[in-house]
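Input: a single structure, listed below in structure tokens.
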Amino acid sequence: MIEELLPPRVACVETTDDHVVTLFPEERAAVAGAVEKRRREFSTARWCARQALRRLDMPPTPIVPGRRGAPSWPAAVVGSITHCAGFRAAAVAHQRDLLTLGIDAEPNEPLSPGVFETISTPDERDEHRMLGKFGSVCWDRMLFSIKESVYKAWYPVTHQFLDFAEATVRIDAERRTFHAELHAPPAHVSGVRVAAFTGRWAASEGLLVSAIAVPSRRYLPTAHEDRAWPVARAGR
Ligand SMILES: CC(C)(COP(=O)(O)OP(=O)(O)OC[C@H]1O[C@@H](n2cnc3c(N)ncnc32)[C@H](O)[C@@H]1OP(=O)(O)O)[C@@H](O)C(=O)NCCC(=O)NCCS
């Protein structure tokens with residue numbers, strides 16, 4: 001599901017089953033005191049990440065939660081992880097191609113009472129009223145997923161927390177895209193000004209997924225890639 005939202009040079013592996021994987025000692029230590037559910041999602045996400053890294057011809061390396069929980073990827077690799085009930089995924093790419101990546105999956109269920117008001121801006125609440133007519137998507141949860149993808153793409157390149165009020169998301173229900181305007185001071189990363197993110201979303205099999213992939217300055221899409229991933233440059 002998520003792979004279809006990402007450009008061809010991103011390796012994305014997702015699964016609906018839990019998988020047995022040998023964790024590195026540092027990974028084992030990271031979940032030593034965790035409950036079984038957390039150990040399972042953590043391990044299966046590492047399984048996904050190892051498979052995805054292999055597609056980039058990278059050997060397995062420990063992927064441990066670092067500062068504020070951001071996963072540690074091998075040098076010159078960017079990536080993102082998500083897990084929710086019945087779904088786990090990891091996406092990785094070479095840094096020469098992508099500046100950053102953010103993926104998120106959520107159940108297609110309404111948020112608990114009061115949460116939408118906490119995570120949304122007034123503009124987003126206005127838009128939410130209009131989106132109601134588009135299909136069976138729980139738009140409040142979709143907004144949440146998109147904001148989680150925004151944070152996962154933002155944090156690794158800025159090392160700054162981003163509050164829910166610091167992004168205003170506009171969802172295009174027909175094109176299945178979104179645009180997130182950031183209200184935090186823009187970041188300048190490897191020559192790219194990061195003040196907004198553009199991404200894609202999907203809803204299927206009881207899940208909502210969203211993804212952001214920001215191309216690096218050196219990313220030169222082939223004609224085929226440009227057709228397959230027309231939002232590549234809009235992410236800047
Ligand atoms: C960290 C957070 C984004 C995780 O999202 P989630 O929907 O709860 O959980 P998911 O299962 O989809 O994602 C978990 C994965 O996110 C990744 N992650 C955690 N913190 C991260 C960070 N600071 N930066 C990038 N990725 C991070 C990790 O890989 C984690 O999996 P792991 O612990 O197995 O490695 C969320 O819990 C959070 O803290 N949000 C507050 C900040 C925010 O969302 N701001 C909105 C800005 S508009």
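Each residue, glycine too, has its Cβ placed from N, Cα and C.
Source: prediction; values computed, not measured.
Together with ARG38, ARG46, THR82, HIS83, GLU148, LYS152, LEU162, the CoA site in TrEMBL holds one more listed residue from ASP17, ASP104, ASP126, which is ASP104.
With a CB cut-off of under 6 A applied against ligand 1, the binding-site residues ARG38, THR82, HIS83, ASP104, GLU148, LYS152 are reduced to THR82, HIS83, ASP104, GLU148, LYS152. Taking Cα separation as the measure, GLU106 (Mg(2+) binding site) is nearest to THR82 of the binding-site residues ARG46, THR82, LEU162. Counted within 10 Å of its Cβ, the other Cβ atoms near ARG38 (CoA binding site) come to 13, all protein chains included.
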